[in-house]
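What Swiss-Prot records for this protein:
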{"type": "BINDING", "residues": "Gly42, Glu43, Ser44, Gly45, Ser46, Gly47, Lys48, Thr49", "note": "ATP binding site"}
{"type": "DOMAIN", "residues": "6-251", "note": "domain 'ABC transporter'"}
Amino acid sequence: MSEKLVEIKDLEISFGEGSKKFVAVKNANFFINKGETFSLVGESGSGKTTIGRAIIGLNDTSNGDIIFDGQKINGKKSREQAAELIRRIQMIFQDPAASLNERATVDYIISEGLYNHRLFKDEEERKEKVQNIIREVGLLAEHLTRYPHEFSGGQRQRIGIARALVMQPDFVIADEPISALDVSVRAQVLNLLKKFQKELGLTYLFIAHDLSVVRFISDRIAVIYKGVIVEVAETEELFNNPIHPYTQALLSAVPIPDPILERKKVLKVYDPSQHDYETDKPSMVEIRPGHYVWANQAELARYQKGLN
């Protein structure tokens, strides 16, 4: 049986108070096993990045628990616990240009975490760590003296990956790491992430809006709509047997690399008003082994009938 590294239980994240309160994430429940890539997919504003930022501690939570390696990590933490979590949980940001300090050299950008947490014995060891990781991401040691603006988007994202991985984390949150990149370099970055996962045993939370991309890298996928996770399943199970109407709509929008089939494809439009949750309240239900869907009892009966 796989060992859980991250567990999200009844998570709620809100902003503002009183009449201005906005609930961005509601009743989120999922877990991520050690060594797997778990993808969180949804359109812009769905709350997927909000969850990722809450796990790393950049967003506060209103309710529920975030469990990492058996310990609750949301809420108050000691300085020692916070420092340990920063080392063990790293984030690769969406926009490599905005997430890198333009006034710092690549050497300093990658070394900043090492300096803050004293993860080296002497200057020689620090240089060795930085040079090793910059080579691992496909750049050269001579690039360390340059500044971020001297690199392409793909190269800047490689620097962001190096900055995260030099800390030797256990868990990496990749927040749409290829959406700001040119199509020609997206596959290179995805292959790089897969390479590091295989070599270092990393666990990923991969946040994206494109289902065709996450199919390539994911073990399991969660689909989120307006702060509610509506479906969770293994990758091929989700693609072959999408149950929730929103998941079906997302999948229908994935391009097919065959012009004849693409012309015949019927796009589905998700209508949230089709759900009647006034009296029959929904919950996350396991409809098939390892396949969960957000549904009430009436919907569950209908979904199960459609599977038979």
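Placed from the backbone N, Cα and C atoms, the Cβ positions cover glycine too.
Quantities reported herein were computed from a predicted structural model and do not represent experimental measurements.
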Near the ATP site, what residues other than Gly42, Glu43, Ser44, Gly45, Ser46, Gly47, Lys48, Thr49 in the same chain have a C-beta no further than 8 Å from the centroid of the listed C-beta atoms? Thr50, His209, Ile224
Average the pLDDT scores across the domain 'ABC transporter' (6-251) and report the rounded value. 93
Those binding-site residues listed as Ser46, Thr49, and which of them has the most Cβ atoms within 10 Å of its own Cβ: Ser46
Long-range Cβ list for Ser44 (ATP binding site), cut-off under 8 Å, min separation 6+ in sequence, same chain only, gives His209
Long-range same-chain neighbours of Gly42 (ATP binding site), Cβ under 8 Å, sequence gap at least 6? Lys48, His209, Val223, Ile224, Tyr225
Can you count the other CB atoms that lie within 10 A of the CB of Lys48 (ATP binding site)? 26
One finds that other Cβ atoms within 10 Å of the Cβ of Glu43 (ATP binding site) number exactly 15
Take the Cβ of Gly45 (ATP binding site) and count every other Cβ within 10 Å, whichever protein chain it belongs to. 11
